[in-house]
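Reviewing the structure listed below.
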């Protein structure tokens, strides 16, 4: 019996349940429905993950080799992060008696994230029902699984409806919001299948769930604003049916660029096909697929032209019409940079010097040294600390924009690498391949994306009212310092392992936790000297650092993606 319980609640699941329990323990009465929904969501994720063990569902989608399904972690992370931010905002608004419009918008975003994850859980349940076999030690019979799934769905829908009813003026608005959430759940189900099938062996189920729900959430208000403007244009009525708040100008510019880059593959494909059709090629699709040398340069020119048209013409038009952003984004960025040219240009020069020095040094080491790749990759985590920490202290607003620009550059370079765009395709591939590990594949290299987003997301999510000054530093502290120290110390001096099959050591975890606490003890007085009001309790900080450190020790998922969000969530409490 004890062995069965130990098998069901392994280290990763125990840490996730501890993390969620800490969040739920901090929920005020005003967010009771949101907390109950998170409890139902996590309970469903736990059952689905356990049931998926030994089934053919992970193999059906060709998930990343060597990784567990990660369904529970992927289900809990984003909704728990949104709920933690809600708890923080509710506390700040209560203390300062400020308008609650921002809380209402964030509450809707929480329900979108929660409903998206719940929709994917229903999809996984249906996939398990049609799974040809299940060799796991824990199985639900088809009738039991169906009853449990129906009960979970009814309870979740009831809780969601009650929560939205308290914030809706009439029944028709409540119905519209429920349909809006259902559309997001369906979109997430479609997107996660597309990710897993288009990029085989690149992600676990939990990682794909985090990415798909995050993308749906991020572009949700973009779609809402577009539909609102379209409705106003057709009927001349004002409609704001989902209650989103306003964005800062930096967030609007970043969202526009991200939208353009995510639409670029489809736009490029259409333009490329049209070009070859105009040249009267008999089989344009085969020519594109084969990538013949006679069309490589033409295809590359068309790619760069499509990229330019998308970012300089189409996206600015969308931003002007939908977001009422009247200034061209390029002009706005230049104006923003030169409003404080001395500090911001000096920071850009500093970044360029750090990047050039580190890239040249580490690339030469990777080619001529026998140093293990895992340690080499951790050096880039330290580079992230050198780059982002000074900016976050002295130019936090400019860092928001810089994070978006860096992510856009990474996306463009990855497209160039994957599609072998002349003349940079092979050069980028050879360089990136020098730093890959078992979590990357030939199809998609994700490590640099996850490191950048791991540092950026806590900063972006902390925009606006924030009474926890360490929260924006969650990614830099957990990845740049904690994860790096845990890997280096564990690799060189680690003896006691957390599990018989894993590589993580107790010494490494202790070093990671201690280093983050030491960094916080230095950072807090520095923040106080710059004007921040410190309200972070050391017991709460110790809990946050310990839980995130244990997650790094136990998880088989992409830690760069999950640990910063978990650490951020706990710092907000």
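Backbone N, Cα and C atoms are what each Cβ position is placed from, and that goes for glycine too.
Features as listed in TrEMBL:
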TRANSMEM  23-48  transmembrane segment
TRANSMEM  69-88  transmembrane segment
TRANSMEM  108-128  transmembrane segment
TRANSMEM  148-166  transmembrane segment
TRANSMEM  178-197  transmembrane segment
TRANSMEM  209-233  transmembrane segment
TRANSMEM  253-272  transmembrane segment
TRANSMEM  301-322  transmembrane segment
TRANSMEM  342-363  transmembrane segment
TRANSMEM  473-490  transmembrane segment
TRANSMEM  511-534  transmembrane segment
Task: Distant-in-sequence neighbours of the transmembrane segment (301-322), which means Cβ under 8 A and at least six residues beyond its ends - done: 222, 225-226, 229, 252-253, 256-257, 259-261, 263-264, 267-268, 271-272, 275, 328-330, 412, 415-416, 419, 421
TODO: Could you tell me what the rest of the chain brings near the transmembrane segment (23-48), counting residues at least six beyond its ends with Cβ under 8 Å?
DONE: 13, 16-17, 71-72, 74-76, 79-80, 83-84, 86-87, 90-91, 107, 110-111, 114, 117-118, 121, 124-125, 128, 140, 148, 152, 155-156, 159-160, 162-163, 166, 569-570, 573
Open item on the list: What residues elsewhere in the chain lie close to the transmembrane segment (342-363), defined as a C-beta under 8 angstroms and at least 6 residues from its ends?
Closed with: 376, 379-380, 383, 386-387, 390-391, 394-395, 398, 402, 431, 434-435
- [ ] Among 148-166, 178-197, 209-233, 473-490, point out the range having the most Cβ pairs under 8 angstroms from the transmembrane segment (69-88).
- [x] 209-233
TODO: Return the stretch with the most CB pairs under 8 A relative to the transmembrane segment (108-128), choosing among 148-166, 178-197, 473-490.
DONE: 178-197
